[in-house]
Each structure stands twice: as structure tokens, then as C-alpha cells.
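Quick look at what Swiss-Prot lists:
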ACT_SITE  H90  active site, proton donor
BINDING   F24, A58, L59, E60, A82, V83, I84, N115  5-amino-6-(D-ribitylamino)uracil binding site
BINDING   E87, T88, R129  (2S)-2-hydroxy-3-oxobutyl phosphate binding site
COMPBIAS  154-171  compositional bias 'Acidic residues'
REGION    150-171  region 'Disordered'
Amino acid sequence: MEIGQYQPNLEGDGLRIGIVQSRFNEPVCNGLADACVEELERLGVSGEDVLLVSVPGALEIPLALQKLAESGQFDALIALGAVIRGETYHFELVSNESGAGITRIGLDFNLPIANAVLTTENDKQAVARMTEKGRDAARVAVEMANLTMALDQLGDDEDEEEDEEDEEERA
């Protein structure tokens, strides 16, 4: 049996990307952002097609993502942050709530969001992961933007066929 298959597309030319970066644990978040923006550029995304906004912490990321999504100006969004375990339950709360909010915004707005909010046990782990996770976020955003646009066209093709059939019936 032969099946149709979509190949991953990492071509970023013409894509509009919004980035929301937390300022809490700022050195790690800056490292994430630097790696992410560098990778977006490597993938062909123009600097003029990228908007980076910062928020105080990880819990504020979903609201900023929602505002960017509402604008309708982006093909994909990226969430960057670092939640590092402390001595209280707050780590779990921030990790779970920010992650759930990020996922909800993507689903509510039918918009890909690359979640690169690191959740680590300590600073050393966060620093060790920031560069590769920043790059990963850029690749995820570009790939998923291209995938969602390709999948959106599936419905357009069916609509065009139905329109042609309707026109033939009327003729």
C-alpha cells in the first residue's frame, strides 16, 4: 500500500515568528533567546519577521502569547523561560501552569507554539541546556508553521473540488 507522507520543512523564509521570553533567571533566558534567534536566521527567517517581547516570569508567558496570537500576525510562536527548582512547591506550580497555558493558547488559536521553558533542578542544568533548547525551539516553530500551513491547504483543496463540482452541476 502506498501512503501519502509530508516531509518536514525547515525553510523559514517568509515566516513570521513571535517570541515571548521570561526575564526571571535572565542569564539562562538570554542564552535561550540568543540561540533561538541565531537558529531562526540560519533557517532563513528574516529579522524583520521576528518580534521578541519579554515578560517578568514564566507565568506571564501565556498571556503575552495569547495577545500575539490574537493579532493574527504570526505563523508560529516561541515561549522561552527557565524555571529552576527551589525549596518550595512553587516550582511545580509555575512549571505546570505555564506549560498548560502555553499548550492551551496554541490549541485555542490553532497556532504552533514551541515551548522552550526549561524546568531544571539547578542552574547548572539550565545553563547546560539553554543553547540546544533555544535552537530546538526555532526548528520546532519553523517546522510546525510549515506543517500547519500544508495541512490547512488540505481543506482548501477539497473546497476547490466541491466548488468545481457545484459549478458543473449548475451548467
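Along the chain as shown, residues are numbered 1 onward.
Each Cβ is built from the backbone N, Cα and C atoms, and glycine gets one as well.
Recorded features from Swiss-Prot, shown on the structure.
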{"residue": "F24", "record": "5-amino-6-(D-ribitylamino)uracil binding site", "DSSP (3 states)": "coil"}
{"residue": "A58", "record": "5-amino-6-(D-ribitylamino)uracil binding site", "DSSP (3 states)": "helix"}
{"residue": "V83", "record": "5-amino-6-(D-ribitylamino)uracil binding site", "DSSP (3 states)": "strand"}
{"residue": "T88", "record": "(2S)-2-hydroxy-3-oxobutyl phosphate binding site", "DSSP (3 states)": "coil"}
{"residue": "N115", "record": "5-amino-6-(D-ribitylamino)uracil binding site", "DSSP (3 states)": "strand"}
{"residue": "R129", "record": "(2S)-2-hydroxy-3-oxobutyl phosphate binding site", "DSSP (3 states)": "helix"}
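For the binding-site residues L59, V83, I84, the greatest number of Cβ atoms within 10 Å around a candidate Cβ is found at V83.
Recorded residues E87 ((2S)-2-hydroxy-3-oxobutyl phosphate binding site) and A58 (5-amino-6-(D-ribitylamino)uracil binding site) have their alpha carbons 18 Å apart, per Cα-Cα distance. Long-range neighbours of T88 ((2S)-2-hydroxy-3-oxobutyl phosphate binding site) (same chain, six or more residues apart, CB within less than 8 Å of its CB): none. In this view, the densest Cβ surroundings among the binding-site residues E60, E87 belong to E60, judged by other Cβ atoms lying within 10 Å. Across the fold, the C-alpha of A82 (5-amino-6-(D-ribitylamino)uracil binding site) and the C-alpha of H90 (active site, proton donor) stand 13 Å from each other. Of all residue pairs in the 5-amino-6-(D-ribitylamino)uracil-binding list (F24, A58, L59, E60, A82, V83, I84, N115), the one with the greatest Cα separation is 16 Å apart.
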